[in-house]
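See structure below.
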Amino acid sequence: MKVFDYEDVQLIPNKCIVNSRSECDTTVILGKHAFKMPIVPANMQTIINRSIAEFLAENGYFYIMHRFNGSARIPFVKKMKERQWISSISVGVKKEEYLLIEELAKQGLTPDYITIDIAHGHSNSVIEMIQRIKTHLPETFVIAGNVGTPEAVRELENAGADATKVGIGPGKVCITKIKTGFGTGGWQLAALRWCAKAARKPIIADGGIRTHGDIAKSIRFGATMVMIGSLFAGHEESSGETKIENGIAYKEYFGSASEFQKGEKKNVEGKKIWIQHKGSLKDTLIEMHQDLQSSISYAGGRDLEAIRKVDYVIVKNSIFNGDTI
């Protein structure tokens, strides 16, 4: 198996067939819904919040609400249903999450999407949660993760998952690779390719995205959707503390397995960093959209499918994608 990561790969252009990049269509379908772009902000507390979720849903973007305010999830689904926007939430695998699924079913609330969100998704607990959701909420599109092997993808698909999320520890505020020695950090793009070849259902690439060009690379190597954390951190709308240093504003960004999320220093596999304030989230989404349209034009097509067919070269080798503790 070839081992490489995002900065090791360059995609090779094809003849352009559009008169303007603006003709290129970045639409993607996941489940029963179409979305403006194949991107989703990470379901982390400093990346997604209720107001951002509402903005994304209203404007045709995919989102996954984080699971760190458990009691707010049923009212959240109810509100999104009332507004006729897509409802997309996260769950863990603890027993109280089973009660949430049962209560949603009891109230006749079927979320459009539920993401089972744990660090090591190739586990019996995730398989049991998939089956529990499919029993009580059979119409819900279930995303399961996170995983890093073809065996895991196949097993979760066979258990009933409608999509799998690939990536163990490649994120900017994740230190799983350093703390445990395991994961896809440093070879996330190769892991995505490996898993996508085995998949029969959509793959969501999660982690290691440092540039907008990495979105196109993820599509090329098999992702239907790309989950992004650090590029969506630090915006005006983002949750988290703001600080000013030497006249420059910064916002905090921390991992879901960090002590800042957990509230205690136990089984820590995440860290906190400060991101320079980026302004409006809307402006970042516009820039991402334009850059992805450019990627499609370089691929020689009119839609995302063109990117999947381009050739590529491996230009160098890397290990940790620039990350340290």
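Every residue gets a Cβ built from N, Cα and C, even glycine.
DSSP assigns Cys174 (active site, thioimidate intermediate) to a strand. What Swiss-Prot lists as active site, thioimidate intermediate is Cys174.
In the three-state DSSP assignment, the secondary structure recorded for His212 (NADP(+) binding site) is coil. The NADP(+) binding site annotation in Swiss-Prot covers 203-226 and is backed by sequence analysis.
In the three-state DSSP reading, Ser218 (NADP(+) binding site) counts as helix. In sequence order, Leu189, Leu192, Arg193, Ala196, Ala205 are the residues of the chain that are 6 or more apart from Phe221 (NADP(+) binding site) and have a CB within less than 8 Å of its CB. Under the three-state DSSP scheme, Thr224 (NADP(+) binding site) falls in the coil class. Within 10 Å of the Cβ of Thr224 (NADP(+) binding site) there are 19 other Cβ atoms, across all protein chains. Within the same chain, residues at least 6 positions away in sequence whose Cβ sits under 8 Å from that of Ile209 (NADP(+) binding site) are Tyr6, Ile215, Ser218, Val226, Met227, Ile228, Gly229, Ser230, Leu231. A separation of roughly 12 Å, to the nearest angstrom, links the Cα atoms of Asp206 (NADP(+) binding site) and Cys174 (active site, thioimidate intermediate).
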